[in-house]
Amino acid sequence: METQLSVQLGLDSLLTDFGLESVMNKQQQLFANMGLSDIGAPTPSTAIPVPNAHLHPSMVAGSDPSNPVVGFGFGSPSSTTSSSPPLSNSPTIEQQQHAQLTAMMQGIMSNNNVAVSNGSGVQVASVPAVHCSGCKSNETATSFCQDCNANLCDNCTMAHKFMHCFADHRVVSLTTPGTGSSSSSTSSSSSASSTSSHQVPSLGGKQSPDSMMLGSGKRSVLCLQHRASELVFFCVSCNLAICRDCTVSDHPSGTHQYELIADVADKQMLKMEQLIADARSKHADMLDMFKQVDNKQQVLTASLHNAHAQLEETVSNLINVIQDQKKTLAKDIDNAFAAKQIQLTMVDKRIQSMADKLSQTIEFSRRLMSFASPAEVMVFKQLLDTRLQLFLGFNPDTSGVLMTPCEIEYLGAAGLFNNSASTVSQLLGSVHGGSPINNAPAANDFLMPQAGLAPIGRAQSRIIPIEQNQLARSPPHHIAGSLPMNAYSDSNLLRPNKDFGGSSQSLGPFNPLGASVPGAAADPFSSQYDKWSLGVEPSVGGLLEGGNVDEEKFQTLFPPSRSQIKRQKMIYHCKFGEFGVMEGQFTEPSGVAVNGQGDIVVADTNNHRIQVFDKEGRFKFQFGECGKRDGQLLYPNRVAVNRTTGDFVVTERSPTHQIQVYNQYGQFLRKFGANILQHPRGVCVDSKGRIIVVECKVMRVIIFDMFGNILQKFSCSRYLEFPNGVCTNDKNEILISDNRAHCIKVFSYEGQYLRQIGGEGVTNYPIGVGINSLGEVVVADNHNNFNLTVFSQDGTMIGALESRVKHAQCFDVALVDDGSVVLASKDYRLYLYRFLPATSGQSTSSASSQI
C-alpha cells in the first residue's frame, strides 16, 4: 500500500493509510465473492476507463483472483476525466486498474444491456441497457456523466458537449451490445482523443503518471505551488521541500539556505527518526502519567468516602457528648430544685407546727378567759405569758430561705452563640486537601476547650484549669478553691448531724483529661466530661467553701479512684438466651432471681412472662401472658423468690405498677399494691417472708407481708437519687443500691438511715446488691466492664473483680449459693460468673440473694 500526498488529503492522508487499506482489502474480498474470478481480470495492456457508478463488477472481463491488487493511489485519480493533475506517478498499471474497479462499485446498472468501452473503442463487456436519466425521453442511454451522476441519451450527450452549463463535465460513452462500435470518453472542454490499447488515457491533456516515472525507478514529487516543477531542493531555513521556481520567488539564495534533497535527505531523516524516538519516549511517559492520574483518582475517591465517614463519626460523637452533658446539666438542675424544695419544705413544716401550737394556745386562752374564774386564770397566766412570748419571738426562716431568690437560673454560655459557627468548626476539626494548612488546629486542641472557652452549657466559673499533660486525677487541693460548693446544695446539709447520710454529691465535671479509668484517655469525648463526686460531712462544708483545707484532711474525703483498685479477672462459665419470643428467648430480660434449688428465674418484660431455667441454663417452664386478668402479666420488670415457700413475687411497671404472687409451679395466687405503688424498681423477700419494694422517682420503701398488707413504709428522698436494687441481711437492715449516688445506702426497717457502703471510684453506677452465703455484701456495677466488689457488713472492702468480656449495658444480677452470679444483659443473654469457691452451705445470713 503506497500513499500519495495531495492537496485534498494533505497530512491527514498519512493518518488514514491503515483505514483505507482495510477498505481495499474488504473490496477485494467482495469482488471475489461476487464472481469476478469467473470473468477474468483485465490485463495490463488494456486500459479501462470506467465511470464511478452503475457498473456491476461482473461486467468486467478478464478478472483473475490470482492477480491481487497491489496498490491504490490516494492522490488525484488517474483517469481521463480527472480535473486536477496528479502529484506523483503510479508505479504499476495494477494500481490504475484497482482504482477503476473501485469506481465501478459505486453503482450497479440493471434492466438494460449496454457495454463499456475503453478510449480506443475496444468493447470490454456487455451489460444490461439503461435508459436516460438526464431527461424524460426514456431513451436508451449512450453515455454517462460522472459529474451529474446520470445516464445520458444522444440528445443529452450533445447538450453536454456544447452547453456552457455542462462545461468540464466528464462524460463516458456507452455502446449497445452487438454493434461493436464505440464512442470515446469526451469532455465538454475538448473532444476525447483515442489512445492505444496499451496506454492509459491522458488526464486533461497532461502527462500521465506512468510517464513521470524516473529512470532510476524513484517517483518524482511535484511542487504544490508550482504544479509543473519537481521538488529537488530542501530549504534548511524554512524546513520545507522546494522546487527550482521556489528558489527564485520565495526562497532566494541570499536569505535562505537550501540544498539538494538527495544530499540532505539522510541527515534530515535521522533527525526525524530521533524526533520519533523522543516522541515514543514522551508517549510512554504520558501513559505512565495516565496511570498515575488513575491511581490518584482512586486514592482521591477513597479519601472522599473516608473523610465523610470520619466527619459523620465526629459529629455523632459530638452529639453524644452534648447529650451526655445535657443529662448532667438536667441532673444539676434537678439537684438544685430538690435542695431548694427541701429547704422550703422544712420551713413549711416549722411554720405549720408552730402555727398549730399557737392555734391551740390561743384557743386554750380564749376558753380559759371565757369559762374560768379569775383565780384560775391567774394560775395559768405565767405559763401563757411565757408561751405566747415564745410564739411572738419565733422565726421559722432562720436560714433566710424566704429572703433569697427561689428561681433556678440556668447560666448558659450565651456568648458562644454569637460565634457558634466558628466554635462548632473548631470542635469538628478541619479539612486538609493534601497541602499543609497554616491555621489548622493541632491534634491536642480538639481534646481540650480553648483558653477562656467553657464547655457547652457550662458557666465559666465551673471550668477547672489543668495542665495538658495531667492524665491522672488531680489532687483535691488543686480544685478546692475553684469549685463553688454552694452551687450544689444537698438535702443532707439541711439535716441535723446525727441524721446526715453522707451520700455522694455530684459536683459536675472534673478535669477534661483526668482519665481515672482504663481506656478513658483514649476517648476524647468521654474524658472531657468525666464525673467525680464527694461524700461531704456538714462539719467540713464550711471548710470546702472557704477553700482553706490542707491536703491530708481533704484526701480523706475522696474515695479511692478506680485506677487504684486492683481487680481480678473473671470469666463466665455459662451463657444462654437470645432474642425472640420462643422458649429460652427474650426481648427484655430486665429482672433475674435465683430460688432455693438454684434455678434461675427471669422476668421477660416485653414478652409478658416469667421463664425458669436450671443452673445450667436449660429451660424448665414458663408462666404468664399479656393481660390484666388473674394469671396474666403486663410488663413484669423485677422478680424475687420466697426461699421458704418457693413462691415467685413479681412486680409490674406502669400502667399496672402492682405485685403478683405465684407459687413454685407458676400458678397464680394473688396480686396487690396497684393503688399504693407508683414506680416499683427493686424487690426482695427477707427470711420472714416480708416483701420489700423500693420505688424510684418517689424514693420510697414499702414493706408488705405475703398477703399484701402494708407493714411499713417510709420516704428516702433525702438519701436516694436513683435506686435500682434492694436486699436484706439478718440484722433487719435494708440495703439499697443507688445508681446515681454510686454507693449502697443502708436503712433500718423503720426507715432510719444507717450508713453507706462503697462510693464513687469503687462502685460506679451500681446495678444491684446482694448478700452471699458468707454474709458478705456483693455490689455489681456496669462501669466500663461488669464489676463485682465485695464488702463486709460494716463497709470494708474485701475484694474486687471484673469481667474479661465487656458488657455494654446490663439489666439485673442475682447471686447463686455456689458462689456464682447471674447477669442479665441487654444483648438478650444471661451470663453466669463464678467469683467464689463452691460452697455447700446454704445462705443463713439472708433470706434473699436478690441483687
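Here, residue 1 is simply the first one shown, and the rest follow in order.
Cβ coordinates come from backbone N, Cα and C, glycine included.
Among the features that Swiss-Prot reports, compositional bias 'Low complexity' is placed at 76-91 (among others).
The zinc finger annotation in Swiss-Prot covers 127-174 (among others).
Around C156 (Zn(2+) 1 binding site), the same-chain residues at least 6 positions away in sequence with a Cβ under 8 Å from its Cβ are C132, G134, C135, S143, C145, A150. Residues annotated as Zn(2+) 1 binding site in Swiss-Prot: C132, C135, C156, H160.
According to Swiss-Prot, the compositional bias 'Low complexity' annotation covers 176-197 (among others).
Secondary structure counts, DSSP: the zinc finger (218-261) has 7 helix, 15 strand, 22 coil. According to Swiss-Prot, the feature zinc finger maps to 218-261 (among others), an assignment based on sequence analysis.
Under the heading Zn(2+) 2 binding site, Swiss-Prot lists C223, H226, C246, H251.
Feature annotation from Swiss-Prot assigns coiled coil to 303-331; the stated evidence is sequence analysis.
As annotated by Swiss-Prot, repeat 'NHL 2' applies to 620-665. Mean model confidence for the repeat 'NHL 2' (620-665) is a pLDDT of 93.
Per Swiss-Prot, repeat 'NHL 3' is recorded for 666-707, and the stated evidence type is sequence analysis.
Secondary structure of the repeat 'NHL 5' (751-794), assigned with DSSP and counted as helix (H, G, I), strand (E, B) and coil, comes to 0 helix, 21 strand, 23 coil. What Swiss-Prot lists as repeat 'NHL 5' is 751-794, and the listing cites sequence analysis.
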Distal contacts, the repeat 'NHL 3' (666-707) - CB-CB under 8 A, six or more residues away: 610, 612, 621-624, 630-631, 637-645, 647-649, 651-654, 656-660, 713-717, 719-720, 722-728, 730, 734, 736-737, 747, 749, 751, 846-848, 850
Packing count at C246 (Zn(2+) 2 binding site) (other Cβ atoms within 10 Å of its Cβ): 24
Cα separation, H160 (Zn(2+) 1 binding site) to C223 (Zn(2+) 2 binding site) (Å, whole number): 33
Surrounding CB atoms that lie within 10 Å of the CB of H226 (Zn(2+) 2 binding site), all protein chains: 17
DSSP-derived helix, strand and coil totals, residue by residue, for the repeat 'NHL 3' (666-707): 0 helix, 21 strand, 21 coil
All-chain count of other Cβ atoms within 10 Å of C135 (Zn(2+) 1 binding site): 14
C132, C223 as binding-site residues, winner by CB count within 10 A: C132
Cα-nearest neighbour of H160 (Zn(2+) 1 binding site) within the listed binding-site residues, H226, C246, H251: H226
